Amino acid sequence: MSQEPRFVWRNSYIGITVAAVSVALISMLAAIYFRGNPAEAYKQCQELVDAQKYEESLKVCESASISATKGFNALINKATALNNLNRYEEGLATYDRAIQLNPNSPEALAGKGDTLFNLKRYEEALTTYEDAIAIQADYTYAWIGKGNTLLNLKRYEPALMAYEKATEISPDDPSSWIARGYGLAELNRWDGALTSFEKALEINPDDAEAWIGRGGVLSSLKRYDAALASYEKAIKLDPSLSSALVGKSEVLRNLQRPKDALVVCQQALAADANNPETKLCEGDALFALGRYEDSLAAYEAILQLDAENSTAWEGKGLVLAKQKRYETAIAAYDKALALDPDSPSTWVVLYNRAEALNFLQRYPEAITAVDRALKIGPTTGVAYNDVWFVRGNALAGLQRYQEAITNYDKAIKIKPDFEAAWNSKGNALIKLKQYQSAISAYDSALKINPTYFYALSGKGDALVQLRQYGQAIDVYSQALKVPTSSQYPTLDAQKYAVWNSRGNAFYQLKKYQEAISDYEQAVALKPDFADAHFNKGKALVALEQYGEAIAAFDRAIAIQPDYPGAAIAKQQANQKLGSKP
């Protein structure tokens, strides 16, 4: 499946105050000096935090915390630094120290709320944000934090009310509109999200975060050129902004520019090597290039650092599925689902899991996974066509062809140019012996993609069933001319079945030599293809070349000892050979 864009920006409003870090240690001598000069220590503490030199700031801020006048602010700065270093438990303890000094500080309470949010302790975070609001009802930042927390708790309408409150309190603050935009985007309410980001840009056209959010929404709407322009605007404002670079890479992949996407990911890694999203970007770009081993290595590198990164597990599953390692892929998907069962992309993981189950012919399990995806996923959106498609494939695997067709029709209704769904519908109609309807379905697929190999092959099969052998030969010939592509790198090796089918059509027209030539092409591609050996034997019998026919039947029997009719055909050929003058 073509994956839905990962909303790397999903909770990035929190990231506005939690920036990426560079790690360095301040010298012990400096710490000792500042311990005796708390006023100077606070000044240096503030400067280091403002400069995002978080590791260096810790000891200085701790030295400043003994100041009678600046101790509270020093602790706030230290907690901010710890959060930026992802040391959330220490950050939480530091906020608690600050709150002991000033229990009525909405800033300290909101900071504690952020820390609890990052620890995924959402109920506690919600209570803390509400404590901040109780002290200062017009504290916009706390309302935004409350909205983010409610969103993660799946309390969607209260979350939107919190964002609305933030915009009412601070209608001229782009941050409140950005938060509202992210909240609406999380609910796939794209129009409202886009309006929110554009409102933020009306207030401040140079707000890079708003440009990033706008890019994410436009990407979700598959308006890739406009999304690319948004990300490039954000990058122009701040070239080191890794989230913009990651978003740009995502769009480039969707624009079928995987090499450019990888270059941009490498820029993101250079800007922010410690951010898991930049490493995920690299894995995704390598996947798009078909460099599956390198992609797998990238995801594995993330998991070595963070074994609970659900998105990396999902990516690992996709690579393993591409490598046809379906059991291992399913295990990776299960790990992703266990780590983050409430992720907005859970339905996508379930879809991918169902697809792998289909390949293993575990069709009932696939249907169960797809039904879960349908229950929790978005009710609209082009990407949902794939879910109905995979469900149809599972039903077809269970020989429930009419139900499969109903599912394919749902996929086509969402995406009328879904060539694979048209093709699979044709396959199901053949199983129901509705050959003319099958041809119509294949023609719909071929109208979208005239060189669609599988639709050409299927149409040929339907024409054979209608005994329109000449037309079938023409269609099979078109299929055999379809070149190998990046989408179908092993296509030539898969053509053995079409060579055999075209041979059968020639056989029906009593063009036995042409039939034999096609059967030989089939076994050249797949030497253990018993059907083609047997069919060649029949054609040779028709040409009264009984010795060669017996050899062909022997090859079919060697491959499949119980091949239907082969032993009898060989016996008859032997009899005719013996009676031949």
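Using N, Cα and C of the backbone, Cβ positions are placed for all residues, glycine too.
Automated prediction, rather than curation, is the source of TrEMBL annotations.
The average pLDDT computed over the repeat 'TPR' (72-105) stands at 89. Sequence annotations record features per position, and here TrEMBL assigns repeat 'TPR' to 72-105 (among others).
What TrEMBL lists as repeat 'TPR' is 106-139 (among others).
Counting residues of the repeat 'TPR' (140-173) by DSSP class, helix then strand then coil, yields 27 helix, 0 strand, 7 coil. Taken from TrEMBL, the feature repeat 'TPR' covers 140-173 (among others).
Per TrEMBL, the feature repeat 'TPR' maps to 174-207 (among others).
Summarising the annotation, TrEMBL assigns repeat 'TPR' to 208-241 (among others).
According to DSSP, the secondary structure content of the repeat 'TPR' (310-343) in residues is 27 helix, 0 strand, 7 coil. For 310-343 (among others), the entry in TrEMBL reads repeat 'TPR'.
Annotated repeat 'TPR' per TrEMBL: 385-418 (among others), in sequence order. Long-range neighbours of the repeat 'TPR' (385-418) within the same chain, counting only residues 6 or more positions beyond its ends whose Cβ lies under 8 Å from a Cβ of the stretch, are 1-2, 347, 351, 354-355, 357-358, 361, 363-364, 366-367, 370-371, 373-374, 377, 424-425, 427-429, 431-432, 448.
Under the heading repeat 'TPR', TrEMBL lists 419-452 (among others). DSSP assignment over the repeat 'TPR' (419-452) gives 27 helix, 0 strand, 7 coil.
Annotation comment: TrEMBL describes 496-529 (among others) as repeat 'TPR'. DSSP places the residues of the repeat 'TPR' (496-529) in helix, strand and coil in these numbers: 27 helix, 0 strand, 7 coil.
Tertiary neighbourhood of the repeat 'TPR' (530-563): same-chain residues 496, 499-500, 503-504, 507, 510, 512-513, 515-516, 519-520, 522-523, 569-570, 572-574, 576-577, 580, selected by CB-CB distance under 8 Å and a gap of 6+ residues from either end. Annotated repeat 'TPR' per TrEMBL: 530-563 (among others), in sequence order.
Sequence annotations record features per position, and here TrEMBL assigns transmembrane segment to 12-34.
Within its own chain, the repeat 'TPR' (310-343) is flanked in space by residues 3, 6, 152, 154, 276, 280, 283-284, 287, 292, 295-296, 299-300, 302-303, 349-350, 352-353, 355-357, 359-360, which lie at least six positions past its ends and keep a Cβ under 8 Å from the stretch. If one looks beyond the repeat 'TPR' (419-452) by at least 6 residues along the same chain, the residues whose Cβ comes under 8 Å of a Cβ in the stretch are 385, 388-389, 392-393, 396, 399, 401-402, 404-405, 408-409, 411-412, 458-459, 461-463, 465-466, 478, 482.
For the repeat 'TPR' (174-207), residue counts in helix, strand and coil come to 27 helix, 0 strand, 7 coil, using DSSP. Outside the repeat 'TPR' (140-173) by six or more residues, the chain places 11, 13-14, 106, 109-110, 113-114, 117, 120, 122-123, 125-126, 129-130, 132-133, 179-180, 182-184, 186-187, 203, 342 with a CB less than 8 A from a CB of the stretch.
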